[in-house]
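Listed in TrEMBL for this protein:
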- T319, R350, E373, N483: L-serine binding site (BINDING)
- R350, T351, E352, V366, H367, Q368, F369, E437, I438, S439, S440: ATP binding site (BINDING)
- 227-510: domain 'Aminoacyl-transfer RNA synthetases class-II family profile' (DOMAIN)
- 455-474: region 'Disordered' (REGION)
- T485: site 'Important for serine binding' (SITE)
Amino acid sequence: MGFQSCLGGTTLQTLKLAAIPSSSSCSRLVFSLRPLSKSFTYQFLYRHDRPQTQRPPFPLLVRALSASAVQATTPTKKSPDEKVVKPQWKAAIDFKWIRDNKDAVAVNIRNRNSNANLELVLELYEKMLNLQKEVERLRGERNVVANKMKGKLEPSERQKLIEEGKNLKEELLSLEEDLLKLTDDLQQEAQCIPNLTHPDVPIGGEDSSTIRKMVGSRREFSFPVKDHLQLGKELDLFDFDAASEVSGSKFYYLKNEAVMLEMALINWTLSQVMKSGFTPLTTPELVRSSVVEKCGFQPRGENTQVYSIEGGDQCLIGTAEIPVGGIHMDSILSESLLPLKYVAFSHCFRTEAGAAGAATRGLYRVHQFSKVEMFIICQPNESESYLEELIKIEEDLFSSLGLHYKTLDMASGDLGAPAYRKYDIEAWMPGLERFGEISSASNCTDYQSRRLGVRYRPSESSGTTPKKGKSNLAPPQFVHTLNATACAVPRMLVCLLENYQQEDGSVIIPEPLRPFMGGLEVIAPRFR
């Protein structure tokens, strides 16, 4: 339920869940006042082997309009009482490739449990091609008529050509409108197609995921183990009851040493990741809904995770991946600037629709939390090696904190639409008596860049003699993007509190975090 409140003349915009009807086969429940477009990818690898060049730590970037991001229509002025409908953005989809590889695309859709309608996409594509041919035929006839009008003609013959030209113009306008509508429908359907999948990814649901690595072992306790909720209550570290009254369920207050521990985790993580050449960022936490869509964060039925602002075109981010992904939107980057490596701190907001039960209690699944996210933009032939770099950074961080964890190669059915391959890390949580996900790392190849319009221009020339007035520059190519969680604070708090608890009720602070907590070594019970 939405409400408005005025403080000093300022209207506070509020959040509201809205069900958006759609005639498309990919209709969803979304947090928005207008339909969010569907998810799409077409993954295509370009290989350009070359030695990596040195880049400045904070490069200046040349922004340029990407043809893939050109919107379909131009917004027109509306009356104050009329809603403004924004033009639909377009992804750079290679429909011909999809048609030529329809069997492989169909298998991939099935393996990923996607509801994309490939047959409809191919049907719309054929219709579009036929309509384009008809439009071109009419344009040719119109040009022939126009050329005839240039010569000396009898009045009756000129009048006949005028009528013919008028009829051709009207018919052409009608067909062009049909073509525009058909092109938009094709985009909507094709954007449902998920990314291709790495050939080594296990096929099946989450249970088919394979263990890539196991580190450490479960700590043996000589006393009854408490979960983080009991520890937090006894140590006065957080308050769910007050937060529930103020904000609703799945919100919380951190208190006392828990606040210090959150700050320590953030600052320690940033300092460690920056050693690997990542540029630190803080990001906007409200972004345009179109950027959320382009990054592939689409609603999935009733279990959408996206909060949107009622009366506006903005969403609260569920991860810093979204604003970082958009930082170079509609840009052509110089090859010498790649790779671009960012580590971003932000607050994140997720509806956690459908999440309930003992397995998600306490801090494990909440609506708002702090997170440090890594993001890489690179050349296509480098993305697989950078995925290995990201997972190694994550594993080194968690090993430094003494956690017992396993790294999983996630199965096809558990991959989100953007991911070509994804690794999850799950850590042992003694109080919850199970492994819980604390991190993931994904290679999204060119899924996001084709939607965001992020390309780079290879340094090599095209190798051919340029035509008069034409540049000899190599054509721009789409970059690959990768993301990985360096630290999701609430789940790290769960791990640290439950794994480092002592028999007297205290909790030991892992040694790497102590300098970031003013030297504090132990969170001790408060005796009143």
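From the backbone N, Cα and C atoms, a Cβ is placed for every residue, glycine too.
The model shown is predicted, which means the values in this text are computed figures rather than measured ones.
Under a cutoff of 8 A between CB atoms, and with a sequence separation of 6+ in the same chain, the neighbours of R350 (L-serine binding site) are Q305, Y307, G318, H367. Per-site Cβ counts within 10 Å over the recorded positions T319, S440, N483, T485 peak at N483. Taken together, the residues of the domain 'Aminoacyl-transfer RNA synthetases class-II family profile' (227-510) have an average pLDDT of 92.
Fewest other C-beta atoms within 10 angstroms, among the binding-site residues E352, E373, are seen around E352. Checking each of the recorded positions (T319, N483, T485) against S440 (ATP binding site), the C-alpha distance stays within 10 Å for N483, T485. Shown in sequence order, F398, L403, Y405, I425, E426, A427, T485, A488, R491, M492, C495 are the residues of the chain, 6+ apart in sequence, with a C-beta less than 8 angstroms from the C-beta of I438 (ATP binding site). Each residue in I317, G318, A320, E321, I322, C348, K371, T485 lies on the same chain as T319, R350, E373, N483 and has a C-beta within 8 Å of the C-beta centroid of that L-serine site, without being one of the site residues. For the pair F369 (ATP binding site) and N483 (L-serine binding site), the C-alpha distance works out to 18 angstrom. You'll find the Cα of T319 (L-serine binding site) roughly 13 Å from the Cα of E352 (ATP binding site). Counting in whole angstrom, E352 (ATP binding site) lies 21 from N483 (L-serine binding site) by their C-alpha atoms. Summarising the L-serine site geometry, the residues cited as binding it (T319, R350, E373, N483) extend over a maximum Cα to Cα distance of 18 Å.
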